[in-house]
Amino acid sequence: MARTKQTARKSTGGKAPRKQLATKAARKSAPSTGGVKKPHRYRPGTVALREIRRYQKSTELLIRKLPFQRLAREIAQDFKTDLRFQSAAIGALQEASEAYLVGLFEDTNLCAIHAKRVTIMPKDIQLARRIRGERA
């Protein structure tokens, strides 16, 4: 911003802001006596970054075991009925599925960043899968 020359102005006399400050102070003190304290909220993105760091450090499975098991059995029903699974087989399926999804989301994030965005969209997932050669 360019510097501008300041000109003298005629004063109006009394100082009005003092009254305003007094009313501000009265407003501040009034809610503290009878009002309910507002819950603390983090700024947008702070919790997301904390979760990213937390999950990048961890090695545990992110999808709950029983819902994944039900889904795997439901999908297997379409191919052959009355299939039985060892618990190790379900565990291996879940490990592989989560590894695939995490990798896909990493590539999806790179696609979003390439488009100068921070929000991933379905078109980013489609592009990532197309580049990988999974979907023509």
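A Cβ is built for glycine as well, from the same backbone N, Cα and C atoms used for every other residue.
Straight from Swiss-Prot, the features:
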REGION    1-43  region 'Disordered'
MOD_RES   Arg3  asymmetric dimethylarginine
MOD_RES   Lys5  N6-(2-hydroxyisobutyryl)lysine
MOD_RES   Lys5  allysine
MOD_RES   Lys5  N6,N6,N6-trimethyllysine
MOD_RES   Lys5  N6-(beta-hydroxybutyryl)lysine
MOD_RES   Lys10  N6-acetyllysine
MOD_RES   Ser11  ADP-ribosylserine
LIPID     Lys19  N6-decanoyllysine
MOD_RES   Lys24  N6-(2-hydroxyisobutyryl)lysine
SITE      Ser32  site 'Interaction with ZMYND11'
MOD_RES   Lys57  N6-acetyllysine
MOD_RES   Lys65  N6-methyllysine
MOD_RES   Lys80  N6-succinyllysine
MOD_RES   Lys123  N6-glutaryllysine
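Shown on the structure are the features that Swiss-Prot records.
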residue : record                         : Cβ contacts under 8 Å, 6 or more apart
Arg3    : asymmetric dimethylarginine    : none
Lys5    : N6-(2-hydroxyisobutyryl)lysine : none
Lys57   : N6-acetyllysine                : none
Lys65   : N6-methyllysine                : Ile90, Gln94
Lys80   : N6-succinyllysine              : none
Lys123  : N6-glutaryllysine              : none
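Under DSSP, Lys80 (N6-succinyllysine) is assigned to coil, being neither helix nor strand in the three-state scheme.
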